[in-house]
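Pasting the relevant annotations from TrEMBL:
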{"type": "ACT_SITE", "residues": "184", "note": "active site, proton donor/acceptor"}
{"type": "ACT_SITE", "residues": "259", "note": "active site, nucleophile"}
{"type": "DOMAIN", "residues": "37-334", "note": "domain 'Glycosyl hydrolase family 59 catalytic'"}
{"type": "DOMAIN", "residues": "342-457", "note": "domain 'Glycosyl hydrolase family 59 central'"}
{"type": "DOMAIN", "residues": "493-667", "note": "domain 'Glycosyl hydrolase family 59 C-terminal lectin'"}
{"type": "SIGNAL", "residues": "1-22", "note": "signal peptide"}
């Protein structure tokens, strides 16, 4: 394809991190290089953002993973991510759901719960050199010893985290490279030092600490506390707006945007990602940028729906969508690797936009240019100050060790917001250089990569199946003797943890069940509900019947429910409305329109007791709801005005042990 290249003339770029002088940008390594590039990554967790991914059937699951992680020297494939950061599950709601801990209780260790272990192994299969990071968003209740705070007993908290790192290696042969402190909460200097000491004592001297996954404020403490400064390998800030602070620079530590993006993954989201991938270094000298989240693989109506690099939210149909951020990522990841070095000569273009250049110091050079306009690159946070970008000619002059380069490979993405016909990661004909110089005619909202690397590829699979709604009729008897994952397909725990369970005391039909296993509220950065709940299905369901066998394990105080039309999840779960049919171990029942049980629609005697199985059935049709207990009507014609639609759900009255079996739903939209 013909490109818009012009012959150019050369002027000297006086300062790095500045505007090109007279729109000539000099790329030179003669006077030294910039910081070492640490990579681009994605974040699974914070929380439960990859929940539905594991339920995809092959080959679609592998195709999704290939688009995210697959690398190769000849050729690459998709996003080819350098970094995978995962949540160290803490049994708590941490944005879009709960991720299970490896230690529900102090004397409990299980390094096969959840799906992050599996995801890290799949990522490593596709990129053996991938950097793995773990970060807690929450901790099991026992870590806090009755308080919603993990730092009062730093040795206990540090041991808990280090056990996770050891379990990753011993059970999955995974080497964790970095570990964080506590997501977006106050850090504790003493705990960071204890964590460093605990890591060193068990031989994990190569595991770096990244702190503090919030703002840059820890830098001030590091400057006056040598031991703290020595304990921290990288300062990680969230949503820094492409800028850093002088105190962070003074530490001379690695500076990372350890969580960024968090934006709906349409083309504007792709523009956001393109802008910050370049400008996090140009403006802030940040050498790694990690997207929250990796893949939008959770029910879209949960908070921050589709805020991933790609979308995979329909395991029942197999449908997934490779969104623009995947290919924007590829502009950098396929042509520069961790360990490469930024040139000092990076900066802003005269008419808006930015450029970075990286080298492996063995003759290879990669230049990434973006011209994203303000309104087409707005991220969800922080607010974006106004700026202007217009079409321009930009001349680049290669000097130093790059002066002898005669040809560059060219890859281009054009967003075409006016025509709504974008083209992403398009390979153009190689560019011939004359006296080390070339000129680009840059339009608005474009991304270019010019590189000596020849292994780029826009990978493609056979295509995902058409999108489809969640099945109207769905059932699960949980009869899985050796489940590949601890959670049942499509259930999305919002509080509590629901796991496959083998009921050894039941010789009858309920040997294999789903069990809520937490008996204590976790230490969490958000306000968990007092109840536990796991949602499933289609948010647009209106008329439906939910049936489930239930088993309460708490004598006298036990309580369980099934629900329909549940309208909220994630961090808003405490205020969820719907139709909730509760039975209790004291022989009563209740029907409420909210999870907290404050608005009662019906109540009375049920005769239900703990340690016995009961079958609940809830039917909601139009403005009326009715319930069956063990096949017999218990209540009927409760008036339900709102909400009009929502998920089905199961749950418990408190953090208590309870079992569920033979779940079924039949629904209409």
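Each Cβ is built from the backbone N, Cα and C atoms, and glycine gets one as well.
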Could you give the Cα-Cα distance between residue 259 (active site, nucleophile) and residue 184 (active site, proton donor/acceptor), in whole Å?
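Roughly 10 Å, rounded to the nearest whole number.
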Sort out for me which one of 184, 259 has the most neighbouring CB atoms within 10 A, since those are the active-site residues we care about.
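That would be 259, with the most Cβ atoms nearby.
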Going by DSSP assignments with H, G and I as helix and E and B as strand, what are the residue counts for the domain 'Glycosyl hydrolase family 59 central' (342-457)?
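With helix first, then strand, then coil, the domain 'Glycosyl hydrolase family 59 central' (342-457) has 6 helix, 54 strand, 56 coil.
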